[in-house]
Structure formats: C-alpha cells, structure tokens
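For D45, E232, the entry in Swiss-Prot reads Mg(2+) binding site. Under the heading active site, Swiss-Prot lists D45, citing sequence analysis as support. Per Swiss-Prot, the feature substrate binding site maps to 46-50, R58, H62, 90-92, W94, R96, R213, 219-221. Positions annotated as active site, proton acceptor by Swiss-Prot: N93.
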Amino acid sequence: MSSTVEFDPQSRPTEADAYAQTSLPEVLPELVKQSLPKHVAIIMDGNGRWAQTQGKPRVMGHKAGVKAVRRAVSAASQLGIQSLTLFAFSSENWRRPDKEVSLLMELFFTVLQREIKLLDKNQVKLNIIGDISRFSARLQKQIRAAEEKTAGNSGLILNVAANYGGRWDILQAAQKLAEKVETGEMTSSQFTEEALSEHLCMQNQSEVDLIIRTGGDYRISNFVLWQAAYAELVFLDTLWPDFDEQAFHEAIATFANRQRRFGLTGSQIDEMRAL
C-alpha cells in the first residue's frame, strides 16, 4: 500500500490564511502586549489521542495537527513574537511503528511543499533544527529548498525541530568546540557557556522564554534543554489538533502575569521595576 499522504482540500492554505489579515485580539490587554516573550517553544502533543477520540487512524491526528501549526504561526506572527520553535519529531520518535514513522516523513515532505508559499508571503523565516542526515535525500533536498526560499525574510523565525533532542544539541555543540581545541583553533579556557551557546542549533536567537506543552502531560521530553534554562512552563490539557489562537493567547497572558526572577528575589525584581 502506498504511503503517500493526501490532504483534504480544506487543509490547504488559502489567501484567507494570510497571517496579516487577522487583527490582534482585543482580549489581550496592553500590559500583556508589553510583556510578550521573544521566543516561544511548543511541544505539540496529543495528535494520536485526538485521532483515537475521533475513531480515526493516528495519521489523521497528525494531519489535523498541521492546521494547529498554521494557527500557532499566525498567532505568533500577529503578536510580533521573534521566534517560534515547534517540536515536530524527536530523536526518540524513531522508536514508533515503522508505518507511522514513514507516514510522518511523507507528511513532513508534503507540508513543506504546500506551506512554504504562505510562510514566504508572510515573511516567516523557516529554520529546521536537528540531525536531518537520517532523513531521505528527497526530504533533505526539500528542507534545504524551503530554508533557502525564506532565508531573506525578516518576520517570525519558525524553528521546526525534526530528529531533534536537547541532549543531542548540547553534545554536537560540545564536539565542535572540542575539535577546535584539538586543532588549536581555540584554547580549553575559551570553552565557555557563551562559546557553547554559539554552536547550538539556534545560536543567533534569544533563549526560550516560554514553553507550551499540549496534551496534558507535565514534562519537557528532552526539548531545548540548554535554551530553556529560565523558561516559564505552561501545560495544557488541550490536544494539539484543538490548539487555536485563543489557547495561544491565554498561554501568553499566563506568561505575562508571572514574575521571572533569574535567581533574584521577588523584592529585588520589584525594586528594579520601580527604577
């Protein structure tokens, strides 16, 4: 049986999907808009369970999840968030049944083909993070083409984590630095936190401010471990295909109402704000 993934016509992007066409939500107070995170990361969990509740195959949940991705990108773009990172396929997901993995790879290829024009139109810069060497040559070629097409865009940076793991990211950065030390390009004393950060997948972006996880679980699943050292965490029971702009805005409002201390006391933060 063919593993080709077909989209229903309603799932395809249209002119009405242009992100700039929807105004900012009135539900967000001005204070929240002033406290927006620069970098939001989302663990998109619950596709399979959503499909099961609908009496459908798991792949239908992944297909429905594509629409939620579009809504999240739209909401982030409208709010002026700098970076949005989506956990699409972890390095541990290869352990899933071969048929599901094959369908996910085909879905990834199809989505890259069909969404890239909409992303480019809305000035979204696509960045695939992770070890893509394990993907087929066909998929790797499509990834490079999509990244190249949007490379010059100045809007939202959309990082899609594919065959990604937080530990892998730290390890590959450390290995690059170790090689530089070995070849004499740098000394061991220059092996610093800053140097390591510069060799991670998202080296030119701000650290993650907010992690949103859908699906009702309370863990970060080896996702952006280094970059999320001081991130606020918001866990939602909502299954990913049901995630919409309202859920995104509510998570942003939750973030804005928290006091981020970075090791300081609450009193110190209040004093700094009063200056």
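Positions of Cβ are set from backbone N, Cα and C atoms, glycine also.
Structure coloured by features recorded in Swiss-Prot.
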residue : record                       : contacts (Cβ under 8 Å, 6+ apart)
D45     : Mg(2+) binding site          : R213, T214, G215, G216, D217, L239, W240
G46     : substrate binding site       : G61, T214, G215, G216, T238, L239, W240, P241, D242
W50     : substrate binding site       : G61, A64, G65, L239, W240, P241, D242
H62     : substrate binding site       : N47, G48, A51, L103, L104, L107
S91     : substrate binding site       : G130, D131, N163, Y164, G165, W168, N222
N93     : active site, proton acceptor : V101, L104
W94     : substrate binding site       : V101, R134, N163
I220    : substrate binding site       : I43, G166, I211, R213, A228, L233
Cβ neighbour count within 10 Å of R213 (substrate binding site): 25
Packing count at E232 (Mg(2+) binding site) (other Cβ atoms within 10 Å of its Cβ): 18
